[in-house]
């Protein structure tokens with residue numbers, strides 16, 4: 001009893017010590033151990049505790065090659081190498097600018113925190129280890145099995161609670177982790193060309209031409225600003241020599257009523273800068289969806305753009321005239337009294353000034369062209385809106401009010417979409433256009449579309465006519481019932497197929513799947529637009545309207561006859 005008590009004391013103590021690492025109870029034992037029999041088990045020392053061994057710390061070297069099992073001749077790791085290295089720029093920031101990820105095993109040893117908290121006591125000997133062998137023998141062989149047999153299901157290693165970062169630093173990333181991700185299908189060349197055409201198709205229109213002209217105007221405006229600014233030092237020389245007064249006392253009468261007070265280069269720079277800012281605003285606005293969807297549908301914006309371009313044209317024309325006048329100093333360079341060797345530098349026209357004059361007049365011409373294109377855009381949009389209005393007037397039945405859906409709670413946590421009750425949108429019937437005077441050239445009268453049964457089955461005037469209408473109604477009603485049942489069956493089948501088509505994947509995983517789904521959808525659309533089915537559907541709708549018209553005529557006649565009988 002005493003022996004049992006003495007042996008149970010250390011065992012309970014070990015259990016209490018291992019109680020802090022209870023999450024390692026699912027670690028499997030080492031499957032690789034030498035074959036033993038009953039006699040060898042009797043000769044071995046049993047462990048002091050029945051608890052499973054804690055997993056050892058992760059290896060210091062990569063698990064491949066001869067370097068995984070270091071030799072005993074290597075120098076031990078010093079305490080300085082165990083300190084964490086703190087860098088001014090983290091390695092995660094450096095990896096952003098690298099195209100290829102570095103191998104974690106290539107990092108220096110000091111960057112890997114390979115220490116482990118371990119357990120406060122030394123582990124007991126394994127039952128598979130012979131008692132005759134020393135405890136430190138075959139350490140290298142044991143490290144092979146131990147390092148590869150224990151795996152922590154909780155994310156740690158060696159009894160350490162914060163060893164997840166050690167595992168991330170030591171083990172490389174899973175090379176097969178990307179196989180589970182959804183692969184993106186590569187677009188074909190034709191699909192990319194179609195997408196490009198859809199995105200930039202508006203550049204072929206008059207609005208796109210305006211955007212191209214804006215880009216050219218920005219380049220010319222920048223050239224004007226640069227060329228004019230390059231020779232602004234001549235203005236300082238002029239004001240330093242003559243000030244703000246007329247040189248040599250020339251009066252207005254001698255100049256023919258003209259007075260030149262000095263260079264007007266600031267005015268030219270202000271004109272170029274203002275035009276550049278307005279042009280870049282027009283360019284950015286024209287590239288937006290707001291311009292294409294809202295502004296082009298308005299009646300005032302094309303005319304506003306025309307006014308802006310005309311204003312900039314006038315400003316550039318004024319700036320060009322002022323700058324040309326500055327090059328000959330208001331006509332003073334044509335007088336011999338002023339054009340002396342001392343003042344020759346003021347009358348000399350440099351190459352940059354000539355380029356500035358050319359750019360000024362070309363920019364003026366570009367803004368005039370933009371104004372004309374704006375007028376053309378205004379006429380084009382007006383014609384487009386008129387065509388759309390005429391198309392809506394010719395086909396009023398094809399326009400249906402939008403169906404507004406709203407969510408309704410069922411009470412069990414589910415929501416369904418039901419059509420919201422809306423006010424009936426009454427159709428506004430357009431009155432026929434009345435033309436007074438002569439018929440304008442190119443006028444096409446609008447045809448009046450009327451079903452044939454309206455003119456054929458007019459108001460009933462006699463009893464035999466009523467019987468004839470009734471016979472036609474009974475004869476074609478059977479055909480209508482048969483067609484209606486057939487069309488309704490097909491429409492029900494189509495509604496079921498629509499629900500199935502909605503469940504098809506929108507983003508297939510590969511190109512083969514994408515082509516297969518596209519082929520199925522194409523065949524389905526072909527079935528829905530089959531001429532035979534569409535003809536039956538049209539015939540059913542026609543018979544429905546015709547029979548309703550005949551029935552209305554019969555009811556009107558019966559009402560009149562009942563009224564006459566009651567009166568008599």
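Every residue gets a Cβ built from N, Cα and C, even glycine.
According to the topological domain annotation in Swiss-Prot, residue 264 and residue 352 sit on the same side of the membrane. The region 'Disordered' annotation in Swiss-Prot falls on one of the ranges 116-163, 164-211, namely 116-163. Range 212-232 is the one annotated as transmembrane segment, of 212-232, 233-253, 380-400 (source: Swiss-Prot). Of all ranges given (267-287, 330-350, 414-434, 435-455), Swiss-Prot attaches the label transmembrane segment to 267-287. Range with Swiss-Prot annotation transmembrane segment, chosen from 94-114, 304-324, 472-492, 493-513, is 304-324. Panel annotation: around the topological domain 'Cytoplasmic' (288-303), residues 202, 207, 374-375, 377-378, 381-382, 385 of the same chain, lying at least six beyond its termini, place a Cβ under 8 Å from a Cβ of the stretch. Per DSSP, the topological domain 'Cytoplasmic' (288-303) is made up of 10 helix, 0 strand, 6 coil. Averaged over the topological domain 'Cytoplasmic' (288-303), the predicted model has a pLDDT of 83. DSSP assignment over the domain 'OCEL' (451-562) gives 95 helix, 0 strand, 17 coil.
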